[in-house]
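These notes are about the structure you will find just below.
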Amino acid sequence: MRRHPQTATKHLFVSGGVASSLGKGLTASSLGQLLTARGLRVTMQKLDPYLNVDPGTMNPFQHGEVFVTEDGAETDLDVGHYERFLDRDLSGSANVTTGQVYSTVIAKERRGEYLGDTVQVIPHITDEIKRRIMAMAEPNADGRRPDVVITEIGGTVGDIESQPFLEAARQVRHDLGRENVFFLHVSLVPYLAPSGELKTKPTQHSVAALRSIGITPDALILRCDRDVPEALKNKIALMCDVDIDGIISTPAAPSIYDIPKVLHREELDAFVVRRLNLPFRDVDWTEWDDLLRRVHEPKETVRIALVGKYVELSDAYLSVIEAIRAGGFKHRAKVEISWVGSDDCQTDGGVASALGDVHGVLIPGGFGIRGIEGKISAISYARSRGLPVFGLCLGLQCIVIEAARSVGLTEANSAEFEPGTPDPVISTMADQEHIVSGQADLGGTMRLGAYPAVLESGSIVAEAYQSTKVSERHRHRYEVNNAYRERIAESGLRFSGTSPDGHLVEFVEYPPEQHPFVVGTQAHPELKSRPTRPHPLFAAFVKAAIDYKEGELLPVEMPERVSNGAERRDQVGQSIPEPANRG
């Protein structure tokens, strides 16, 4: 009798059917959080069926944000959910794309590694997918293997692009044995208002499509706008050949942080550990219950304006939004996001209308010239009113440009936006010049991943971190031009953090006596924030917004400027009146 090899690591695959955007990533993340709270070591992976090697060159409006890991991989935004819910760092191997798989297989064929075989989807493509899935079960740096690998299969069952990944997952179950692999399928149960009915047929057809390729799900997540009655659960269990204990109803939750509670109430985690014969303890809710109290019982509310280029799609700033909210949780505050298109801030009237009733301004990262003057105008407006400002990556660069213009460098700009500017206060990094000039690939070639920085003792950022040595993740090609540091410093802007060799500017800020909180970082600290462990810079920013709301700070006297930084001499020294409503 054939015996499957013993494996210490179990594999759980999450697929989706009927429609996209059903929340597979959040479902997988929440289940991972539950298993972790039961004392299991969990890691996660996303299989993306698109042909791009990674999302680094994709339009944010199509894909959403690019999540950068510690080791510098540009990955899917779901990897950010995984890190936040598991509260652990993942590597680039947590995201696999069709582009990566085909690139590897074709490279092997060119090297002759297939010994003249005809290279095909099965077995060569599926074998490479399986290799990457199985690699997640390898021991970590401490020599410990994960107890469970949760792998989310992107796309929808029936999509031609997803078929090789589903086939590879089927083969993993065949290779490791059914007792070591669990399939969880997320499906839609629509409600038809005219007839007042919940319809199960789409789920039945989705499971039938899954079974046609050899996969029988062990459990079904039923997405619906209401609880699915027991009678319908029994019907779905019968028609889809799934144990009734594996039929999980998941109506819309009050927040994404409530999803683990929803799944636990339906006993999904208990069903999984029993089916996979995993050792476990009862769920430890101590940390998560404290988070939920902070989410649902805030003591105050602040409004933060996010001035960005891609505000029509909130997923383009997913980690930023989660980090701001987590910063609010730290202070038992609810953060309301005011979405402000940077194009709308290019005029005095536009910026006043957009920012007149907020308590803080966040300038996120981005690329290209569109909307840049609006971001700079937003910084000038906030500076003149003592309004807290936090700049990320491009946000730091805009703070520097605004500061340079305030000391007479009226044409100061970035080489990215205006290559011919006489004052390129933001310049191309030396090792990026050949890439920007088109002599090398754009994809995967930025300054990516974790880099250290040294902070000035006593600075706002050092006080926030409670340390003068930090490490943050990066994604950029441009840097502050060191030739302009002294001139920019005349504005009062301090270069409060640099790379260890002092060459790269990593953090800037105005001293508190000049402005309560204007801080910029070349990094992306939002990528390291966790709901249970808010990033210190976001916590400090939200605290500054709370202080602004409560403190009735007086406006700072500054000359009013036109968009290119030139002063209006007839109004120099006049303070700009405080907005009537801080609300």
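Each residue, glycine too, has its Cβ placed from N, Cα and C.
The model shown is predicted, which means the values in this text are computed figures rather than measured ones.
Swiss-Prot names Ser20, Lys199, Thr200, Lys201, Pro202, Thr203, Gln204 for binding UTP. Of Lys130, Lys233, Lys235, Lys261, the residue it gives for the same site is Lys235. Swiss-Prot lists Leu394, Gly395, Leu396, Gln397, Glu416, Arg477 as L-glutamine-binding residues, and of the candidates Gly356, Gly360, Gly366, Gly444 the one it assigns to that same site is Gly366. Cross-referencing Asp54, Asp71, Asp76, Asp78 with the ATP binding residues that Swiss-Prot gives (Ser21, Leu22, Gly23, Lys24, Gly25, Leu26) picks out Asp78. The most densely surrounded of the binding-site residues Lys24, Arg477, judged by C-beta neighbours within 10 angstroms, is Lys24. Fewest other C-beta atoms within 10 angstroms, among the binding-site residues Gly23, Gly25, Pro202, Gly366, Gly395, are seen around Pro202. The binding residues for ATP are recorded as Ser21, Leu22, Gly23, Lys24, Gly25, Leu26, Asp78; their greatest pairwise CA distance is 13 Å.
In three-state terms derived from DSSP, Leu394 (L-glutamine binding site) belongs to a helical segment. Ranking the binding-site residues Ser20, Thr200 by other CB atoms within 10 A of the CB puts Ser20 at the bottom. Look at Glu152 (Mg(2+) binding site): DSSP puts it in a strand. A gap of 18 Å separates the Cα atoms of Leu26 (ATP binding site) and Glu526 (active site).
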